[in-house]
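To keep things clear, I will list the structure first and then write my remarks on it.
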Amino acid sequence: MDIEKLTLKVQQTINDSQKIAVKYNHQQLEPFHLFAALVFQEDGLIPNILGKMNINIKVLRDEIKRELNEMPKVLGDGAQNSGVYATRSFEEIFIRAESIAKDFKDSYISVEHIMLSLMQGRSTSIKKILDKFNIRKDKFLNVLQQVRGNQRVDTQDPEGTYEALVKYGRNLIEDAKKHKLDPVIGRDEEIRRIVRILSRRTKNNPVLIGDPGVGKTAIIEGLAERIVRGDVPEGLKNKIIFSLDMGALIAGAKFRGEFEERLKAVLKEVENSQGKIILFIDEIHNIVGAGKTEGSMDAGNLIKPMLARGELNCIGATTFDEYRKYIEKDKALERRFQPVIIDEPTVEDTISIIRGLKERFEIHHGIRIHDSAIVAAAKLSQRYITDRYLPDKAIDLIDEAGAMIRTEIDSLPTELDSIKRKIFQMEIEKEALAKEKDSRSKERLEDLEKELSNLKEKDKEMTAKYEKEKEQIINMRNLKQKLDEVKGQLEKAEREYDLNKVAELKYGIIPGIKSQIEEKEILIKENSQGNMLKEEVTENEISKIISHWTGIPVTKLIEGEKDKLLRLEDELKSRVIGQDEAVEAVSNAVLRARAGMKDPQKPIGSFIFLGPTGVGKTELAKTLCKNLFDSEENIIRIDMSEYMEKYSVSRLIGAPPGYVGYEEGGQLTEAVRRKPYSVILFDEIEKAHDDVFNIFLQILDDGRLTDNKGKTVDFKNCIIIMTSNIGSSYLLENKKEDGIDETVKNKVSNALKDRFKPEFLNRLDDIIMFKPLTNREITKIIDIFLQDIENRLKDRNITLIVTENAKELMAKEGYDAIYGARPLKRYIENILETKIAKQIIKGDIYEGCKIGVDIKGEEIIIGKI
């Protein structure tokens with residue numbers, strides 16, 4: 001027996017048969033061990049053929065194990081050391097298999113030859129099992145012919161090439177017949193263009209090119225459904241579309257040439273079908289370089305000749321980037337395909353597409369989807385999710401909203417869950433009190449038992465209601481699933497022209513199920529008041545999902561949030577003292593945005609704050625962020641003093657290709673991509689280079705910016721605040737108490753025009769001037785600083801009391817009109833905080849005491865009260 005003449009699977013079978021003999025303590029290697037190894041082979045050819053002969057493989061394997069246990073065993077120390085010896089009948093199997101292989105005109109002995117040789121052998125154990133399971137040679141040969149086709153065994157791994165399309169592909173026509181594909185709405189023009197290209201004599205290979213998520217694969221599924229319905233030209237009727245799985249084709253190809261062998265087997269099957277099979281390769285760019293190792297060919301070069309001759313009908317699908325990167329590079333491959341551009345559908349088209357899918361989602365999740373939710377999904381996804389494409393992002397929203405409602409149905413309602421937890425806690429308390437003997441414990445036990453019985457009654461009532469509601473929803477889901485299955489049967493009956501079945505389904509079963517669904521829906525609507533479970537996806541759920549994804553508040557305003565927004569101006573004024581004009585402008589911009597009245601193509605607001613240092617420009621941005629997001633973390637702060645050189649623009653949007661830092665992205669673009677709803681603070685903008693302002697033009701006008709990788713970043717949900725000290729010397733001259741003098745305003749405006757270009761200033765929503773602080777405002781600021789100190793001391797249970805005289809001295813000593821409120825803060829830190837800290841460390845001030853702050857002469861003194 002020449003081992004080189006055996007296929008890899010046969011060599012594996014011999015090894016497996018030896019392992020079986022050792023496992024069962026058999027000293028002789030019999031044909032039965034070989035038979036067992038063939039049947040036990042996972043994903044092997046023999047189990048596949050036997051399965052097609054309608055033989056229960058599990059039962060067959062159990063029978064073989066029983067037979068192996070009954071064979072003579074050799075036990076003891078001697079048996080351990082001695083090997084396993086092949087019998088004469090075992091060797092005869094291979095002699096017979098060699099002659100069978102010659103009859104088949106095969107170059108190698110394969111597993112099917114071994115199986116046929118075993119069938120012809122004299123082993124009584126094998127014959128007994130074959131007879132018991134009715135495994136006959138003629139039947140085996142018929143199924144083998146179906147699996148092998150006209151292929152010959154001329155390689156060492158032929159089993160991997162049998163039924164190659166079934167193994168490495170998916171029959172879309174079969175899926176369409178079984179009602180497994182989602183309905184495809186619209187896209188008629190694209191499908192017609194594909195049909196025209198497929199009907200050509202040569203170069204009949206369309207490649208669908210479009211952005212990810214626009215529905216390229218869905219269009220091919222739509223074509224498969226049309227072929228099933230017969231809604232195609234005569235030339236495409238009865239064609240089969242096979243979707244090739246490149247991953248499965250490459251996976252497990254260990255040796256050089258194995259991948260090419262598999263692909264050749266697939267192509268041979270397509271060629272032998274004489275144009276009946278159309279091959280669909282999703283992500284077709286993967287064929288360029290797929291399976292390529294040193295010295296071997298890639299998949300692209302293997303299919304080129306067949307594409308050129310028109311022997312292979314192939315449809316590809318890829319994105320613009322991948323087409324340019326892989327297919328366009330290979331000009332010979334590119335010219336063999338005809339591009340079909342798939343554009344992103346409009347919002348209206350997306351609504352139609354989702355309406356077509358609505359029923360499938362309702363059946364899967366067992367819920368109902370409102371039409372308003374479908375419209376909201378299309379419109380809101382287009383507006384707020386800018387880095388993905390329709391209809392994919394809108395379908396994802398509907399799917400996730402359905403999943404959210406479904407999980408809420410499956411889990412206990414909050415009210416019922418809290419009652420069950422309370423009962424559990426009371427049961428524990430009851431057990432503890434039962435062990436106590438004092439009168440108070442006995443009284444508490446009596447009260448507890450009454451409360452517990454009331455809660456248990458309530459729990460019983462609510463659980464019954466919950467179970468009833470859940471049962472109604474599950475029944476509705478089952479009815480909808482049944483209706484979907486019956487519709488699939490109707491389509492099949494119409495294709496097969498079974499008129500009796502069509503009449504029975506169309507006029508008997510389907511109307512009956514529909515009337516049951518209507519009855520259930522009426523019942524659910526009637527009892528909807530006070531329902532514990534929600535089984536509808538509405539606009540609100542879609543808004544919630546978008547808010548989770550992006551962080552942008554899209555949900556309808558609830559009462560608490562309305563009050564918070566209406567109070568926003570007062571909240572800002574309480575922290576930013578004396579700058580009412582700036583506070584009003586910013587809070588009004590936020591109100592417009594949340595009410596949906598802002599221009600959807602521009603940022604929420606873009607402002608430039610002008611004024612001397614320390615008057616509250618940066619503080620306003622921080623306070624706004626704290627009020628909107630409950631933290632200052634969502635502020636994106638860019639210090640423009642770091643962008644004084646011309647080349648530093650690249651730090652904002654990312655370095656160009658070939659430069660260090662290209663992969664990292666820009667500081668501004670990456671920050672906004674991660675947090676699309678945020679406050680962006682460009683501090684000290686006059687310090688930046690002139691060229692930096694050129695990138696602001698797109699942000700301020702269209703609310704977008706393209707980064708170094710060509711991706712668009714959306715600024716439409718950002719508040720842009722820029723601060724500058726330009727004209728601060730003029731503002732310090734302002735003598736007007738309740739505002740800014742007109743002459744001062746004109747001087748500041750002229751200074752601004754001298755520094756910035758008109759196209760930049762013209763795009764800003766508002767230029768706000770901050771006036772110097774008055775004495776009254778300084779006192780209020782001191783109160784804010786002291787409140788911060790009080791809050792810190794409160795943690796230690798220490799009370800701080802400051803006299804008015806002390807506050808006046810702080811204002812006099814700490815405030816400087818040129819430097820603003822910052823020196824005042826430093827003064828309070830140095831004089832007040834430092835003195836308190838020293839006394840805490842000494843132990844003079846301790847937890848629970850009161851501190852008084854007063855003056856003595858021109859000095860602030862601190863002491864215990």
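Cβ coordinates come from backbone N, Cα and C, glycine included.
What you see is a predicted model, and the numbers here were worked out from it, not measured in a lab.
Summarising the annotation, Swiss-Prot assigns domain 'Clp R' to 3-150 and lists sequence analysis as the type of evidence. As annotated by Swiss-Prot, region 'Repeat 1' applies to 6-71, with the evidence given as sequence analysis. The region 'Repeat 2' feature in Swiss-Prot is assigned to 86-150; the stated evidence is sequence analysis. Look at Swiss-Prot and you will find GLY210, ASP211, PRO212, GLY213, VAL214, GLY215, LYS216, THR217 tagged as ATP 1 binding site. Annotated region 'Linker' per Swiss-Prot: 345-551, in sequence order. For 395-529, the entry in Swiss-Prot reads coiled coil, with the evidence type similarity to another entry. Positions annotated as ATP 2 binding site by Swiss-Prot: GLY611, PRO612, THR613, GLY614, VAL615, GLY616, LYS617, THR618. What Swiss-Prot records for 773-865 is region 'C-terminal'.
Sequence features annotated in Swiss-Prot and their locations in the structure.
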residue : record             : DSSP (3 states)
PRO212  : ATP 1 binding site : coil
GLY611  : ATP 2 binding site : coil
LYS617  : ATP 2 binding site : helix
Taking 8 Å from the centroid of the Cβ atoms of GLY611, PRO612, THR613, GLY614, VAL615, GLY616, LYS617, THR618 as the cut-off, which other residues in that chain fall inside it around the ATP 2 site?
PHE609, GLU619, THR723, PHE770, GLY820, ALA821
To the nearest whole angstrom, state the Cα distance for the pair GLY616 (ATP 2 binding site) and PRO212 (ATP 1 binding site).
46
Counting other CB atoms within 10 A of each CB, which of the binding-site residues VAL214, VAL615 comes out lowest?
VAL214
Identify, among the binding-site residues GLY210, GLY611, GLY616, the residue whose Cβ has the fewest other Cβ atoms within 10 Å in this structure.
GLY210
Measure from the CA atom of GLY210 (ATP 1 binding site) to the CA atom of VAL615 (ATP 2 binding site) and give the result in Å, rounded to a whole number.
53
In whole Å, how far does the CA atom of PRO612 (ATP 2 binding site) lie from that of ASP211 (ATP 1 binding site)?
50
Among all protein chains shown, how many Cβ atoms are found within 10 Å of the Cβ of LYS216 (ATP 1 binding site), not counting that one?
24
To see if you understand the setup: which same-chain residues, six or more apart in sequence, place their Cβ under 8 Å from that of LYS617 (ATP 2 binding site)?
ALA582, PHE609, GLY611, THR723, PHE770
Which one is it, among the binding-site residues THR613, GLY614, THR618, that lies nearest to PRO212 (ATP 1 binding site) by Cα separation?
THR618
Taking DSSP states H, G and I as helix and E and B as strand, how many residues of the region 'Repeat 1' (6-71) are helix, strand and coil?
48 helix, 3 strand, 15 coil
What is the three-state DSSP composition of the region 'C-terminal' (773-865), stated as helix, strand and coil residue counts?
52 helix, 19 strand, 22 coil
Count the other Cβ atoms sitting within 10 Å of the Cβ of PRO612 (ATP 2 binding site), across every protein chain shown.
22
By CA distance, which of the binding-site residues (VAL214, GLY215, LYS216) lies nearest to GLY614 (ATP 2 binding site)?
VAL214
Inter-residue Cα distance where the pair is GLY210 (ATP 1 binding site) and THR613 (ATP 2 binding site), in Å:
52
Where's the emptiest Cβ shell within 10 Å among the binding-site residues PRO212, GLY213, GLY215?
PRO212
